[in-house]
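Reading through the structure tokens given below for one structure.
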Amino acid sequence: MAVRINAMAVTFVAHALAVIAAIMVLVWSISYRGGLAWEATNKNLIFNLHPVLMLIGFIILGGEAIISYKSLPLEKPVKKLIHLILHAIALALGIFGICAAFKNHNESHIPNLYSLHSWIGIGVISLYGFQWVYSFIVFFFPGGSTNLKSGLLPWHAMLGLFVYILAVGNAALGFLEKLTFLENGGLDKYGSEAFLINFTAIITILFGAFVVLTASAESPSPSPSVSNDDSVDFSYSAI
């Protein structure tokens, strides 16, 4: 059941938080951590791609995909296409971000998949990919019957929100893990970089909260030109 809040009323805050989070992670990675690179003698530059791609590419674009489906006053076929494409881009960038972490670890001779953050991350990206593939087949092409779509919709929405919330929580865990490593290496616990990392995590969590709120809010009224098949309410869709 939708919360009695119009989705348009909360999307502005979500978009603003997304911009702030993106700027903060870029400032951290470029100004404090030295920049971004796929090939570099300084392997830390390779790792810097990981938080940038996972936050901007995976968390923010994934959130914008959810928001777009709930807040855009467009016909449902158009919203479905935008929703699908944004999630595909988010998934691709998320995979690229994980590859950057593996590349950094391999070239720095650091073990892979030893932390809770990495375990949850692999689980999240796997569930996200599974959700996208089955959603493409059922809701987009070739598409299931109206009864099949209606029956799977609650599970589609519930799994989508679960995966997204898990992704946001794991992002916060990743910031904490990296900050702990840096502090163990001598970073000032009360320095500007430590505060920047912590506040980036907080903004990320707030963005995720507003995305979930948008997904639970009422959608704009559908256009009267939408066909009967598309009049089925897919507005609670999360992925």
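Including glycine, each Cβ sits where the backbone N, Cα and C put it.
Just so it is clear, the model here is predicted, and its values are computed rather than measured.
Going by Swiss-Prot, the topological domain containing Ile5 carries a different name from the one containing Pro111, and the two residues are therefore on opposite sides of the membrane. For the recorded site, His156 (heme b 2 binding site), the DSSP three-state label reads helix. Once Cβ contacts within 10 Å are tallied over all protein chains shown, the binding-site residues His50, His83, His117, His156 are led by His83.
Averaged across the topological domain 'Lumenal' (103-119), the predicted model reaches a pLDDT of 98.
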